[in-house]
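According to TrEMBL, the compositional bias 'Basic and acidic residues' annotation covers 50-61. According to TrEMBL, the region 'Disordered' annotation covers 50-119. Look at TrEMBL and you will find 93-102 tagged as compositional bias 'Polar residues'. The domain 'CS' feature in TrEMBL is assigned to 122-214.
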Amino acid sequence: ILQKIFSKLTRKTETPHHFPYPLILCSDGPSFSLQTFRLFEKLAEQDRERALSERQKRQESARAPPAAQELEVASEPCEATPEEGGAEPSQMDRVSSDTGRASTPAAPDNEFQADPDSYNGAVRENYSWSQDYTDVEVRVFVPKTVVKGRQVSVGLQSGGLRVSVRDGAEEKVLMEGEFTHKINTEDSLWSLEPGQCVLLSLNKTSEVWWNAVLKGEKEIDINQINRERSMATVDEEEHAVLDRLTFDYHQKQQGKPQSHEMKVHEMLKKGWDAEGSPFKGQQFDPSMFDIPPSAVQF
């Protein structure tokens with residue numbers, strides 16, 4: 001439970017190790033709680049450093065001037081006829097115009113990526129949205145007069161939502177529609193930031209990148225977003241596999257036994273000097289054994 005709490009905080013706060021809640025002690029005692037906290041503190045620090053590096057690269061790329069293209073166009077002189085009411089554009093003008101259109105691709109929504117509220121998402125008329133590997137966060141803008149939770153009505157279902165506010169006797173629907181992908185309502189929640197927005201935290205049922213929140217709205221190009229998976233979303237089993245692969249890589253680079261070899265070596269050592277062993281009294285030599293990774297199950 002404690003790890004789920006820290007995982008949620010790591011994904012949803014900019015400084016997850018500075019949250020204003022007391023440290024919860026689990027049944028395994030405070031030492032386990034502290035170890036878990038330090039684990040996610042380390043993961044959060046890695047994510048912050050990576051995000052800062054990516055943001056700096058994007059800013060440098062945005063400041064770089066576009067490369068100029070030179071075109072050489074040979075055109076034959078033509079005689080203007082007085083009967084024509086207006087002169088047609090020259091061949092150079094036509095080529096320059098066509099080239100300008102061809103060399104200007106669709107904007108990759110860099111302005112959305114620079115804003116945390118629309119990171120990996122977009123800004124729409126009444127709301128903005130962002131996403132990571134497991135969650136979608138939607139900010140539905142509200143009038144400044146909406147400051148109480150009772151002024152807000154949120155209907156949240158696995159396939160869609162409806163958000164409305166009541167200002168006086170009038171009810172106004174701010175957002176309504178069908179999701180492009182289903183959500184897990186049990187792990188989704190909403191809150192009101194008075195006078196600013198209704199904040200919706202939607203938990204994905206399938207770990208896919210969304211190109212839009214609602215069906216029918218303008219889609220984003222998911223090839224232009226950051227699709228790296230945060231370490232905070234990796235469960236214990238996957239984290240153990242990643243740690244083992246990292247360890248094996250460094251061991252292989254140094255010419256040392258990898259984890260699967262070390263595991264077999266430990267078992268062989270137990271029987272090396274056992275009664276009746278032909279190797280009894282000899283020094284254990286790991287080089288005598290060629291152990292493929294498939295021979296060991298972790």
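Placed from the backbone N, Cα and C atoms, the Cβ positions cover glycine too.
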The domain 'CS' (122-214): DSSP-derived helix, strand, coil residue counts: 3 helix, 57 strand, 33 coil
Per-residue pLDDT averaged over the domain 'CS' (122-214), given as an integer: 94
